[in-house]
Amino acid sequence: MSHPSPQAKPSNPSNPRVFFDVDIGGERVGRIVLELFADIVPKTAENFRALCTGEKGIGHTTGKPLHFKGCPFHRIIKKFMIQGGDFSNQNGTGGESIYGEKFEDENFHYKHDREGLLSMANAGRNTNGSQFFITTVPTPHLDGKHVVFGQVIKGIGVARILENVEVKGEKPAKLCVIAECGELKEGDDGGIFPKDGSGDSHPDFPEDADIDLKDVDKILLITEDLKNIGNTFFKSQNWEMAIKKYAEVLRYVDSSKAVIETADRAKLQPIALSCVLNIGACKLKMSNWQGAIDSCLEALELDPSNTKALYRRAQGWQGLKEYDQALADLKKAQGIAPEDKAIQAELLKVKQKIKAQKDKEKAVYAKMFA
């Protein structure tokens, strides 16, 4: 008979803790920290722990290192699970346990009754190897068929980012990989706090912070601190780090908005809008024109008459040589702020570009029919 999964994190302080540092498309997203239920399924837990450390050397059946480092999440299904652990073929057809190719189902003590449970992938009864999955919703149809052997205790936000990556079928469009992995020792903080020298003392993901997300005043203090760190990076022209900090602000805002009353959400809008606009400005500096346009659209969803968003989106359109789109945004901005000198100057510049483009086209046609 299966039992409800433990609610405490960790469920047993003596259980081993392991970690994955996850990269998506070559960029570090964050860390997932997992508790392994060695008190309930010791053989299954030991298999996974050793695959995280790589201490067992080369596998007998695969001829590959028994190690998750460099292993992709090869299968992702939204509102279901994220799957990885095929370190040999990297597509779901391979892998190997530390005990040999396969080992038996140890027990089905825990149910798949919530998000963030770690369970063994298999090809039927008693076919456990190295492949695993992390649930992103309750999956009761897997009870009695797959062995639950751990849980996410930190980094569920990283798992959610993985869950929501673009996929082709069930395969991520960008490579989602376990860049680093290992075992955490007693006293380790789990590595969830930024180590980027920025002075950021807040976990990257609000789910890992020991705060009440309903405390809007506390959230405002945290997000203002993070925004200021982002601004410092912006001033030093470190656009990527600035974006990272502004995005962290938005994660805290979104997590708080999800649990607070509607009336309180308005208090968080100004800082959210400011950071979305700043992300757009960073992307313009990086010549990421489409990214800047997308950020400005997000800002306009928060404030449809925001002239900064219209102005910056017009700059993005110009980067793509979509001058008519730029002209439309600037005319709308001018209608809202007719005295704004910067908008007037940009409008003149775009009109000149449109004229130059038309003159060039006329010259081409003239040569064609000469």
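Cβ from N, Cα, C; glycine included.
A C-beta separation below 8 Å, combined with a sequence spacing of at least six in one chain, links Ser5 (phosphoserine) to Tyr110, Lys111, His112, Asp113, Arg114, Leu117, Val148, Gln151. Under DSSP, Ser5 (phosphoserine) is assigned to coil, being neither helix nor strand in the three-state scheme. The phosphoserine annotation in Swiss-Prot covers Ser5 (among others) and is backed by a large-scale study or a structure entry.
Residues annotated as domain 'PPIase cyclophilin-type' in Swiss-Prot, with sequence analysis given as evidence: 19-183. Over the domain 'PPIase cyclophilin-type' (19-183) the predicted model carries a mean pLDDT of 98.
Marked as N6-acetyllysine by Swiss-Prot on the basis of similarity to another entry: Lys171. All protein chains included, Lys171 (N6-acetyllysine) registers 14 other Cβ atoms within 10 Å of its own Cβ. Classification of Lys171 (N6-acetyllysine) by DSSP places it within a strand.
Taken from Swiss-Prot, the feature region 'Chaperone activity' covers 185-215, and the record attributes it to similarity to another entry.
The phosphoserine annotation in Swiss-Prot covers Ser198 (among others). DSSP classifies Ser198 (phosphoserine) as coil under the three-state reduction. Of all Cβ atoms in the shown protein chains, 16 besides its own fall within 10 Å of the Cβ of Ser198 (phosphoserine).
According to Swiss-Prot, the feature region 'Interaction with HSP90AB1' maps to 214-370, an assignment based on similarity to another entry.
Listed as Cβ neighbours of the repeat 'TPR 2' (273-306) (distance under 8 Å, sequence separation of 6 or more from its ends, same chain) are residues 223, 227, 230-231, 234, 237, 239-240, 242-243, 246-247, 249-250, 312-313, 315-317, 319-320, 336. Annotation comment: Swiss-Prot describes 273-306 as repeat 'TPR 2'.
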Same-chain residues at least 6 beyond the ends of the region 'Chaperone activity' (185-215) with a Cβ under 8 Å from one of its Cβ atoms are 17, 19, 21, 30-31, 33, 153-158, 222, 225-226, 229, 232-233, 241, 245, 248, 251-252, 255-256, 258-260
Between Lys171 (N6-acetyllysine) and Ser198 (phosphoserine), find the distance joining the two CA atoms and give it rounded to the nearest Å. 35
